[in-house]
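Encoded as structure tokens, the structure appears first; notes follow it.
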Amino acid sequence: MAASELYTKFARVWIPDPEEVWRSAELLRDYKPGDKTLLLRLEEGKDLEYRLDPKTKELPHLRNPDILVGENDLTALSYLHEPAVLHNLRVRFIDSKLIYTYCGIVLVAINPYEQLPIYGEDIINAYSGQNMGDMDPHIFAVAEEAYKQMARDERNQSIIVSGESGAGKTVSAKYAMRYFATVSGSASEANVEEKVLASNPIMESIGNAKTTRNDNSSRFGKYIEIGFDKRYRIIGANMRTYLLEKSRVVFQAEEERNYHIFYQLCASAKLPEFKMLQLGAADSFHYTKQGGSPVIEGVDDAREMAHTRQACTLLGISESYQMGIFRILAGILHLGNVGFVSRDSDSCTIPPKHEPLSVFCDLMGVEYEEMCHWLCHRKLATATETYIKPISKLQATNARDALAKHIYAKLFGWIVGHVNQALHSAVKQHSFIGVLDIYGFETFEINSFEQFCINYANEKLQQQFNMHVFKLEQEEYMKEQIPWTLIDFYDNQPCINLIESKLGILDLLDEECKMPKGTDDTWAQKLYNTHLNKCALFEKPRLSNKAFIIQHFADKVEYQCEGFLEKNKDTVFEEQIQVLKSSKFKMLPELFQDDEKAISPTSATPSGRTPLSRVPSKPTKGRPGQLTKEHKKTVGHQFRNSLHLLMETLNATTPHYVRCIKPNDFKFPFTFDEKRAVQQLRACGVLETIRISAAGFPSRWTYQEFFSRYRVLMKQKDVLGDRKQTCKKVLEKLILDKDKYQFGKTKIFFRAGQVAYLEKLRADKLRAACIRIQKTIRGWLLRKKFLRMRRAAVTMQRFVRGYQARCYAKFLRRTKAATVIQKYWRMYVVRRRYKTRRAATIVLQACLRGYLARNRYHKMLREHKAVIIQKWVRGWLARTHYRRCLQAIVYLQCCFRRMMAKRELKKLKIEARSVERYKKLHIGMENKIMQLQRKVDEQNKDYKCLMEKLTSLEGTYNSETEKLRSDLERLQLSEEEAKVATGRVLSLQEELARLQKDLEQTQSEKKSIEERADRYKQETEQLVSNLKEENTLLKQEKESLNHFIMEQAKEITETMEKKLVEETKQLELDLNDERLRYQNLLNEFSRLEERYDDLREEMALMATVSKPGHKRTDSTHSSNESEYTFSSEIAETEDVPSRAEELSEKKVPLDMSLFLKLQKRVTELEQEKQVMQDELDRKEEQMLRSKAKEEERPQIRGAELEYESLKRQELESENKKLKNELNELRKSLSEKSAPEVTAPGAPAYRVLMEQLTSVSEELDVRKEEVLILRSQLVSQKEAVQPKDDKNTMTDATILLEDVQKMKDKGEIAQAYIGLKETNRPSALDCRELNEDGELWLVYEGLKQANRLLESQLQSQKRSHENEAEALRGEIQSLKEENNRQQQLLAQNLQLPPEARIEASLQHEITRLTNENLDLMEQLEKQDKTVRKLKKQLKVFAKKIGELEVGQMENISPGQIIDEPIRPVNIPRKEKDFQGMLEYKKEDEQKLVKNLILELKPRGVAVNLIPGLPAYILFMCVRHADYLNDDQKVRSLLTSTINSIKKVLKKRGDDFETVSFWLSNTCRFLHCLKQYSGEEGFMKHNTARQNEHCLTNFDLAEYRQVLSDLAIQIYQQLVRVLENILQPMIVSGMLEHETIQGVSGVKPTGLRKRTSSIADEGTYTLDSILRQLNSFHSVMCQHGMDPELIKQVVKQMFYIVGAVTLNNLLLRKDMCSWSKGMQIRYNVSQLEEWLRDKNLMNSGAKETLEPLIQAAQLLQVKKKTDDDAEAICSMCNALTTAQIVKVLNLYTPVNEFEERVSVAFIRTIQMRLRDRKDSPQLLMDAKHIFPVTFPFNPSSLALETIQIPASLGLGFISRV
């Protein structure tokens, strides 16, 4: 297909742009041949008419399809040109935040100016062992490729890092060296990789400076060779340096600085050790103030000085040498301040006693006058004589600067030499990898000699690069048998010839330097005359006669000739050098020593390696003429020689290229300047690589990949059985021009643009298929929708009509119901109104009648009271009137009677004076006397009667008198009352009048009061309403506050609960961490133990070598060394004899420190063995003596002697054991940990000392208890021996139970004292008691029991008193609280309502705060208690078993007391086996050999019961326990453990073997627990199994040892299955297409990845499932515990998930929607496997959660904010870095998918910024979950186990 046919409508092209370099546009119409313009539309929507060049008629570059944008390899692009490269780099850098990109064999690295988390240990492990094309581009991938090719091809490698200043060359080189240091490790005791990395601060301080483009620019080139031994571990390094910019020492441009070391010295001038240097601020020295920028922002020069000194110390530069270096540097600074004064035009002088010169001479140790003289004069030698000539001021200044540069260059070379010496290794170097960190192509406004040399070096490197690329292309074509045609590529050999050939620029420069009067102008004229118009690459500027232009491979560069000669000659006066050589300062002459003592360029080191330090060399002193000649060797000549040597080294290695790009000049993070990027891409050769690739067949596909990708373009009839023929047949139809492609052996080669054409055909075919599918589906959907709508319409009509009928019927019913309701409602309303009115009327009537009745009542009451008042008033008035009338009548009667009596008296007086009167008086006197006599008689009679009457009347009178008197008194009282009443009436009248007045006044006041009352009532009502409102608000506020308080309390409670749950989880995590740490320590201990065994074997093999040379054995490993390195070390020991012989032949010096360490260790082991043997002999002798004594005489020893003996033995054994443990612990700490960890003040040391103290205390307590129990048991045994005569046995268990009840140490001590007093022999006691002392023993026992009971009573009493006191205190506190509450209540009641509410709220808040504080305090106490208990648990769990077992081991059989056995109670039957196996001591090795060492796991697993070896071993242990033979038990268990370790070491890579012995070790451990006799392990035993428990020994310590062994076996099992699964995971989970056709294969460029099509030998998901089935079936056959199987499966699934996710995060081609579907399908298959095996509750599924979420993240929508929220809530198992990484890597496979926008990724980052998770990107694939071994008792009866004959155990018998 013609290229012009691709320029159709909507095709996208690149057009040049002055601002953006290239802009994208879209064709608005098809291009037709002959068109002079193209109608384009830019991306911003602007239309443009683009004119074609009328001469060339070149069309603009076509743009690649979107699915090819962002590729890892630029060669994968279909259109290979500059805008495609630039755009791809920009998309990767800006959008995906990817700084690395492949360009064929070149790694393009763009400086992000930001720290990225892609250089950690996990990333290094992820790239280690991977093919270069299998992972995303990275500097680690290049380093791994170099390391792998070095090991595979046995060829030295080079990594060439180039780029502009500030592009990141030094950092890239650092990371490459760090990678080598991590993956290879160090082969010597001192880690060389640390020294290599430590050399960077030194070299940066003396070789880096601030420039306008970079704050830390390397002003020299360096080539570091990292040496490796035969096992490809780092053994040393060496460094070459190139073209140090010496002119910077004496001159700096604006905004630039001198070398960092000068500013570091000035910043540290105040240090005491620097006082003698007499330094000041950097502004005070001429050499450091010229740039005007002495400070770099964010850099502390004083701190950097400390780092530099620390690095010098690490590299072995002593303090004295360091101070010497600083003296020389300070002298250079003072030398720069030396000034000259002109005497005339040809001479100058230095002022007398010039201080800078004086300081310089003092520092350098030279004479002031001599140096002052030769700074102003020079010596001229002719053929006949020598004379001294003064020099001018300018010449003197130049000579001073030349001397300063020369001193600095010498010092630089001296430091480089010492760094190389520190990195040098005596071991022979097998191969090396060189890292070249060299300046890139430079072009400035003013280019001088330095830029000329730099560009010359880049020309040479570019030539080597072009040749290498050309060579690789040729090899690829020849390999695929493609017809080779010469590719026209740029050859820069003419440019190199222009520079270095005869009569070239350098040659003419050297010739001009030799001329006495040579100048820059004459040299320029020679250049013009020689090369102008003769060489096309040489030009002359139009407006200058002192410059020239060279056409380099990257660009034209104009060089100014000024200064070329001076810089090339690098002139320094010999007299000044001689003055310095005569210095008293010892270090200074070393800088100028003869070059014979230094390493010459052609000499060979003892290791056979060419040295790399390229310091300008000096000849020997023997020949003065030669000295002068060699001294005048030019800089250009030296640089050309060193460059040729470098090229020879590079040509002898396999190169790897890293091109560093500076994205912008302002150091903005992730900012891309297209102009600067294109400039650098052109300069570094990337575009040349693209051009070479594009000139041939850049796109290459394997037949399978092509078939998979473009299967859609084939018809069914085109598909043949042979993929190659199918592809040929299809291509012939698709691409008619056969020159556009070629068929190789395994690949199809396409020219540029053909893949884009095929992608266009594929996209069109897919688009047509999509349209057809959409048409069909849309028609089907619309018809389905129509039918559904029709059915819905009919249904709706039916329902609507029914609804309408129901509504009408409902209306009728409602109408009728409404009528009825209205009737009743109206009746109800009328009746209610009538009742209301009637009730109102009745109420009115009742009120009215009540009112009338009350009025009538009040009226009657008033009338009644008025009548009463009238009655009393009228009575009073009547009585008053009556009394007045009576008084008046009586007075009148008295007056009248007095008057009448006076008249009668007067009349009688008159009559008495007259006779008549007397006569009259005597007339009738007689009659009268008679009458009177009669009367007297009568009267006497009457008198008598009357006297009688009188007597009666007198009584009556007296009574009447009394009565009257009483009536009188009553009347008098009534009178008085009447008088009082009268007074009261008067007063009442007065009061009535006053009251009337008051009533009137009151009425008036009442009116006013009523008015005020009304106002007050209104005000009160208003106030009440306001108060009610306020009360309502306060109530609401109170309720809200109460609600808030309740919510707060609830939140606090929930927080506390959550905190408690979190702390519980944290404690569980801490427990798991501790368990994991302990298991890792076991793993490390096992590794070191195996390493020690290997070293011991190597030492034994070395001892057999007769020659004195020994192989140096590595005693330490790098901190980064993995277990795979260790396994390789073990494998390496098999060829030890040959290597030892080889080393002896080459006489490698012996590492005496390691040999002495091993010899010392062997001696210690022999001493320990001898001590153990002596202890064993002593125990045996002691046992024999004790048995002999028992036979000779009865034991009459007291408990005291027994106690002393036991105590001494226990103390000796425990002391020895603790010493050994302490020594081992210290030794392991000193070997494994860093010095700062094991320092006495370190936290780890304090923790260990605390654990040691707690263990010692626990040891003392447990030892005291055990000793007392043993002594009492011994005394009981003595007391209960059966006698011939009648004896009563005392049950020892009673006293034993009493002792066991003694929890306090004091009680045990008291019991022991009493026991001593009891058992002390006494003659008196013996005489008084019976023969065997039973009565005394009983008596003392009762006394002890009484004392014990008394002490318990006292303790109970004390506890009761304490409880009572506590209760009393609590009651008192409650009383105080009650009083306080009452006081508060009283105070609150006195307050107003508002203040009362506020006070109650304040009180409630205070109470809740106090409760909260109390709860927090309790929580803190609980935390402290938990931590304390946790610490104690760790200590006790580790040591308690060791103490008990250790004590049992040190007891001789004679000291172990069996329980009394009564033969009568245990009848034995014939052939009633006890579940024990008996063997002879000499058959132990045979037992171990047949049962462990030579046992085949497969046969046992298939034919026999699971765990049979474990049962057999335990039954043997049971028999030894039954015999009370501790030596046999110990020997058997030790042999068993060692044999299992030996088997696992020998066949540790066999999964069946490891699984088999893990299962049997766990079963053996469970048997020891099940039959230990401990109650916790006997719950599930049968009665028969309980009878089989161990009786004499407590094997808790061996249980711990077996548990540790099981942990080690488990970890080895995990490593085995990891090694088996590792190659399958990535291929099966990611690369293989389980669902065929979902994923599309994209072009991958030169770095081909593993194909996703399942070829033969490729792992698939079925391979993983089959392997999982194999693992599971093997573990089940071996009888492994189900819980342990679950843990193994969980670990396997974690490995699968972690490895898959890590590879997904590092592979951009795997982050697509279709790959997410594949992963989810694969995960579902794994879950289905778990369900089939009933392992869903094992926790394995949870370990896949990060992978599941990553797959979901690939498939969900990624556009809106809702999508971002859903992603944040969904991906809780992924870290923020992982989520952002997946989104950045997301790549569409087809055009129908869309990329993730940068704005969306930023939205995700903003939402996740508060999430606290690990910044680590990758999961730790090496992580092993801590394993536990839950107790799993066996139901199998030991006595039923049969031993098969196939095991060869006929020498053992069942018991």
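Note: Cβ is positioned from N, Cα and C throughout, glycine not excepted.
As annotated by TrEMBL, domain 'Myosin N-terminal SH3-like' applies to 8-60. Taken from TrEMBL, the feature ATP binding site covers Gly163, Glu164, Ser165, Gly166, Ala167, Gly168, Lys169, Thr170. Positions annotated as region 'Disordered' by TrEMBL: 596-633, 1106-1144. Annotation source TrEMBL lists compositional bias 'Polar residues' at 600-610, 1116-1130. Taken from TrEMBL, the feature region 'Actin-binding' covers 643-665. According to TrEMBL, the feature coiled coil maps to 915-1105, 1155-1231, 1339-1439. Residues or ranges marked as domain 'Dilute' by TrEMBL: 1534-1810.
Helix, strand and coil residue tallies for the region 'Actin-binding' (643-665), in that order: 9 helix, 8 strand, 6 coil [DSSP]. In sequence order, Ala109, Asn111, Cys660, Lys662 constitute the residues six or more apart from Gly168 (ATP binding site) in its chain with CB-CB distances below 8 Å. The 10 Å shell around the Cβ of Gly163 (ATP binding site) contains 27 further Cβ atoms across the protein chains shown. Regional average pLDDT for the coiled coil (1155-1231) in the model is 56.
Here the binding-site residues are Ser165, Thr170, and the one with the most other Cβ atoms within 10 Å of its Cβ is Thr170. Around the Cβ of Ala167 (ATP binding site), a 10 Å sphere holds 24 further Cβ atoms from the protein chains shown. Residue counts for the domain 'Myosin N-terminal SH3-like' (8-60) by DSSP state, with H, G and I taken as helix and E and B as strand, are 0 helix, 24 strand, 29 coil. The Cβ centroid of Gly163, Glu164, Ser165, Gly166, Ala167, Gly168, Lys169, Thr170 marks the ATP site; residues of that chain outside this set whose Cβ lies within 8 Å of it are Asn111, Asn214, Ser217, Ser218, Gly440, Cys660, Lys662, given in sequence order. The Cβ of Lys169 (ATP binding site) lies under 8 Å from the Cβ of Val161, Ser162, Gly163, Ser218, Asp437, Ile438, Tyr439, Gly440, Cys660, each on the same chain and at least six residues away in sequence. Taking Cβ-Cβ distances under 8 Å and a sequence gap of 6 or more within the same chain, the neighbours of Glu164 (ATP binding site) are Arg213, Gly440, Phe441, Glu442, Cys660, Lys662, Gln680, Ala683. When Cβ atoms from all protein chains are considered, those within 10 Å of Gly166 (ATP binding site) total 22, not counting its own.
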